[in-house]
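According to TrEMBL:
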- K425: ATP binding site (BINDING)
- 325-621: domain 'Protein kinase' (DOMAIN)
- 1-22: signal peptide (SIGNAL)
- 323-346: transmembrane segment (TRANSMEM)
Amino acid sequence: MAASPVILVLMAVLFLQAATMAATTALTVSLPGCPSSCGSMVIPYPFGVGAGCHLSGAFAVTCNHTYHPPKLFLGDADAAEPAEVLEISLVNSTVIVSSAVRYDAAKGEGAWGRGLAGAFRLRERRNRLVVVGCNLQAVLLDGDDIAAACTTICGGAGAGATWPAAADGEFADYSCAGVGCCQASIYLGLRSYGVRLSPFGTSTGPPPPPTTTSSASSSNQSASALVFVADNEWFGGNASKLGSAAATMRPGGGGGDMPAAPAVLDWAIGKSGCPPHGSDDTACSSSNSYCRNSTSTSLGGYSCQCDNGYQGNPYVANGCQALLVAIGGTIGLGIPSLFVIGMAMTNMIKARRAKKLRAVFFKQNRGLLLQQLVDKVIAERMVFTLEELEKATNRFDEMRKLGSGGHGTVYEGTLPDRRVVAIKKSNITVPLLIYEFISNGTLSDHLHVEGPTSLSWKNRLRIALEAASALAYLHSSASVSIIHRDVKSANILLDGRLTAKVSDFGASRGIPVDQGGVTTVIQGTFGYLDPEYYQTSRLTVKSDVYSFGVILVEMLTRKKPTIFESSANVTLIALFNLLMVQDNIYEILDPQVISEGMDNVKEVAALASACLRLKGKRGQQ
């Protein structure tokens, strides 16, 4: 059976990758006769193990074979605090070392630190001081100068200090923002540093953590603080480990070691900048290489880099090799084949991603509910392709633009069946939305026209009934109760026959049928906003009922609730409620309503009053 195109492409890519890796590893990284690796660590010159294998004593490293696999250390592996090497970068001129986690008793003021050889500095703006403990002020010192500082607290000062209670998984979002843990960025490049811990309050902090066998601590020494310098990138992904460490230090903690953290060091050749061009006194030994002055403000010297289009080690002869030779010279497929394979893989990935994205958007925008309605012949066809919408709007021609808002731009379009629709092209990652085009404006537009007459009382009642029916469907007939959250006259659209359409669901919120409400951020329009929701942030269907009551008052009075203020400095709704109590509602009614609706004005006013009742007593019928 012939292999599928996908398998053939994958096999070719794997073959190319293997050939590229083989070419890369063949590049010279160390001096002849010198070890080129220690365990899984590559040792590139100017670093080296043994006499004659490194550029100078500052770049001497030791491979300790007592570990399995062996570990690489800066300088002497038998030193009191050896720095394990985790990564050496020639391109960035950096070394990532293991920063020991110190378990210090934090009694009084003590200092500790690590001196670095002249070729190394803590990389500027790449590391931070981290302290885990209770009620401590930590200061990182560069001699007598303060380089960074932070303070931790734990549920009180002195003898009453306790760690916060912790359950399983509590530390997943541990932020190290001051409670039990603090951190501060180190903006200077330091050759050596010290950390001073100063307890405050009447006690030295919580009980000490369990003893540990970590090589970064004294196994039999009790302590009450963890102190270390860490790489910013490591810190961002290991906050939960800090939380776990904090958990072991509070009373009843379960023990466990805090793994050593990586710190990033800059390194450079010599103490001054690049030697004069053509000088023999340069460490840049490879052709196709150049010298670059150190970018560290606290570290002189220079580094060597391969020219553009070359890779390898610029510190050894012929160490910089052309990228095309390293790849193309190894296999017969060459760059054209790699290009074709890359294009095929890219197209396949894009197609799969687009398919998944369409499925996500369909589900996100209630597509499953829409499909159910279509299948049951409850709704007309309401899913359109991008090509259909582009044709309907003449490729979103600016001449068809109806308006724009905070979430997108609306265009007028004509579907193949001659229906005129409004198409919303969103600014955010959701599909285009197609609406029935409503040509007759909003209820607010019709109520607040200039002149003594507006919508007839009969039309106002019918529009109120249609809007109420729409809200009732949202609240109780849909599979999930939907609260509009911004019911107002400007969001009730009227078509050519003055039929009401409730619109603008940008602030709407769904609530499961088994819940009476949710606590959420306040959204809505003042004047229509439910005071109970505003005061408690508790959103229920009654919030929409209140807003509907405001619309009824607006219909009765033809006054805008958002700007109305009476001579007594009260709002429209407050004045309406007062006049209802006084049985003097006619004082505020629209004269047109009085003349056209004498038979049922009081009933509508009573309904509005019921909708506007506070403390959860308003009706929903």
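Cβ atoms are placed via backbone N, Cα and C, with glycine included.
All annotation found in TrEMBL is predicted automatically rather than curated by experts.
Worth saying up front: this structure is predicted, and the values here are computed from it rather than measured.
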**Request:** Please report the number of other Cβ atoms within 10 Å of the Cβ of K425 (ATP binding site).
**Result:** 17
**Item:** Rounded mean pLDDT for the residues that make up the domain 'Protein kinase' (325-621)
**Value:** 81
**Request:** According to DSSP, folded down to helix, strand and coil, what is the residue listed as 'ATP binding site'?
**Result:** strand
